[in-house]
Amino acid sequence: MSCCAACCASLTCGLCTSVASGISKRSARVAYCGIFGISLIVSWILREFASPLLKKIPWISTSETHSKEWYQMEAVLRVSMGNFLFFGILALVMIGVKDQNDRRDSWQHGGWTVKFVIWLLLTILMFFMPNVVISIYGTLSTFGAGLFLLVQVLILLDATHSWNDSWVAKDEQKWYYALLAVSVACYIAAFAISGLLFIWFNPSGHDCGLNVFFLVMTMILAFSFGVIALHPKVNGSLLPASVISVYCAYVCYTGLSCEPRDYVCNGLHNKSAVSTSTLVLGMLTTVLSVLYSALRAGSSTTFLSPPSSPKASAAKKPLLDSEDVEEGKEKKEKEPRPVSYSYMFFHLIFALASMYSAMLLSGWSSSESADLIDVGWTSVWVRIGTEWVTAALYVWTLVAPLIMPDREF
C-alpha cells in the first residue's frame, strides 16, 4: 500500500511539473489572470462570511462600534492590498526587460509554485497590518481604480481606431460595406439600449429627472459622435463613433443599475435575483476586461511597448556591407529575440485592477448597500463619469489634429 501511495505521489508530482512547464511556455498570461480570479473569489468569500472572524482579531476589532459593513470592507481591502503588492512587486522587478535573453524573462514565465506561495503569504500578511494602513490603502484605491478605468478607455479608443484602420487598409469594396454594416448595427444597438433604459429607469408616475438626464445625454453624445466624425474637416470614420456610442450606452446602463434598490426610479429594484447575477456577471466581466487590458496595453504601441520591438530595431539597424553578410548570418542566430509585450506594464494593469475590484466589492468604500455588490450612488457617479470621460477623449482624438495641426496624432 505504501509503495502504491508513493507511486501515486510520484505521478502527481510529475503531472504538476508538466502543467507548470506548460504554463511557463504557453499560457503565463492566463495563469496570472487565474491568480487574479482566485483573489476575487477569496475577497467575495471573506466579504460574505468572515465578519465574525475579524471581530475576534484584536488589532482589527479595535472598537465595538464597527458595523458589519466595516468588517466586510476590511476583508476586501486586505486581500486587495496583498494582490496589489504581489503584482506591484512583479512590475518593479520587470522594469527594463527588453529581450528573452534577460534572466527576468524566465521569471515572468516560470516559478509558479514560488509565485503562488508569495501571493498567499502577502495576502495573509495583510491581515496583520494595522487598520490605519488599510484605511490609507482604501483611499489610494479610489484613485487607482479611476486610473484603471481611464486605461481601459484609452485601450478601447486605440482598439477601435486600429480596427477601422485595418479594414480601410484592405482597400476593397467588401470591407467598406462591412464597415458600414457594423457601424449601422452598432448605432441601432446604442439607441435600442437607450430606449430600453427609458422603460426600465423612468417608470411612469415617478419624477426621475436625473435618470432622464443621463439617458438624454447618452443619446446626444452618440449623435454628436457621428456628426463630428463625418464632418468634412475631421479625418474621422463612422465605425469608431458607433462603437464608442454602444460602449457609452452600456456604461450608462451599468451606472443606472448601480442605483440603490430602494430608489423608485430603479426598475431593477424588484428583481430578487439581481444580487447574484450582478455578482457573477461582474466578476466574470472584471476578469475578462482585466485580461484584455493587460494583453492589449502590454503589447500596444500606444503605451509602454518594449524599446527593442521589431519595428524599433529595424529603424535603428544599419545596412550590412557585402563583406559582412556571412558574419551577419552567424550572428543572426545568436541575436536575442525581443519580448512580445511589456512585462512591467502587464503587471501594473493587474495591480490597478486589484484596486478596482476592491472598489467594486466594497461599493467604492461606501456602506450604502451591504448585501449587494457595486451598488450605491458613488458607483453610479463613477460609471457616469467614466462615460463622459470616454466621450471627451474620443472627441479630442477627432478635433486635436485641427487644433494643433503641427503635431502628429
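Including glycine, each Cβ sits where the backbone N, Cα and C put it.
Remember, TrEMBL labels are computer predictions, not curated facts.
Per TrEMBL, the feature region 'Disordered' maps to 300-333.
Residues or ranges marked as transmembrane segment in TrEMBL: 28-46 (among others).
The transmembrane segment annotation in TrEMBL covers 75-97 (among others). Counting same-chain residues at least six beyond the ends of the transmembrane segment (75-97), those with a Cβ under 8 angstroms from any Cβ of the stretch are 32, 35-36, 39, 42-43, 46-47, 50-51, 54, 104-105, 107-108, 118-119, 122-127, 129, 134, 137-138, 141, 144, 306, 339, 343-348, 350-351, 354-355, 357-358, 361-362.
Per TrEMBL, transmembrane segment is recorded for 109-129 (among others).
Sequence annotations record features per position, and here TrEMBL assigns transmembrane segment to 136-155 (among others).
Under 8 Å from some Cβ of the transmembrane segment (175-201) lie the Cβ atoms of residues 164, 167-168, 208, 211-212, 215, 218-219, 222, 226, 237-239, 241-243, 245-246, 248-250, 252-253, 256, 259, 265-268, all in the same chain and six or more residues away from its ends. Feature annotation from TrEMBL assigns transmembrane segment to 175-201 (among others).
Nonlocal intrachain contacts for the transmembrane segment (208-230), taken as residues 6+ away from its ends with a CB within less than 8 angstroms of a stretch CB, comprise 187, 190-191, 194, 197-198, 201-202, 236-238, 240-242, 244-245, 248-249, 252, 255-256, 264-265, 384, 387-388, 391, 394-395, 398-399. Annotated transmembrane segment per TrEMBL: 208-230 (among others), in sequence order.
Per TrEMBL, transmembrane segment is recorded for 273-295 (among others).
The transmembrane segment annotation in TrEMBL covers 341-364 (among others).
Per TrEMBL, transmembrane segment is recorded for 384-404 (among others).
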